[in-house]
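**Student:** Attaching a single structure in structure tokens format; questions to follow.
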């Protein structure tokens, strides 16, 4: 008896084993925190990635990061964000997230969309990688702002609730887009498909937000909990973002000012 959840768990584990083992081999002193429990046994050679990206190495490291020690970094890994959508065949919702934090702040991130373009025909290039570093910028996509004067909300597809919907209504949306995955939702913001990402519920974790936060902040956007508190990513922090998510590429303050107090009171950081 194997169902969608077993498939998903296997995919999750293999991707996480590959990412975490490859990073640990190259950077043995960093702290790596992943969604799945890590296996203690040896990882097979074909799961190890030891290459590097020339495009990234051409960039100059921002001065504020040149003195960082390896052991001061925390890497947050979500091997398969948008799991439910993956099992339902909504492959464009799926992302692989790798976020790098220093001093408790998200400073760099990678969002890989393995199935990007999967419906575009046999000649289309499948998959893409979006990445960003604070102080350098973000790459791998076309930065686009949402239509001016429109309030297009992107929110959860599979974790809705009365509170989630109350918060959405308060923002007086012209349109609501429901998609899976935090990585995917931030992509909607940076590609101009949505003006605000709001999720008035616990459930989202640090490995969901670290990579997208770094990319969004690298292009001048903002992401916080529903109260406006920044997320902390030091290794001791609790994994749950229990006070929800609010994010926008532009006009963050406009949306933050419209979150109802009843919603805020229901979500304790």
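Any Cβ shown, glycine's included, is placed from N, Cα and C.
Automated prediction, rather than curation, is the source of TrEMBL annotations.
What TrEMBL lists as Mg(2+) binding site is 35, 78, 80, 81, 208.
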**Student:** How many neighbouring Cβ atoms, not counting its own, are there within 10 Å of the Cβ of residue 208 (Mg(2+) binding site)?
**Tutor:** 27
**Student:** Of all the binding-site residues here, 35, 78, 81, which one's CB has the most other CB atoms within 10 A?
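**Tutor:** Going through 35, 78, 81 one by one, the largest Cβ count within 10 Å is at 78.
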**Student:** Same chain, not part of 35, 78, 80, 81, 208: whose C-beta falls within 8 angstroms of the C-beta centre of the Mg(2+) site? Give them in sequence order.
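**Tutor:** Residues close to the Mg(2+) site, other than 35, 78, 80, 81, 208: 12, 77, 79, 82, 83, 95, 96, 97, 181, 182, 183, 205, 207.
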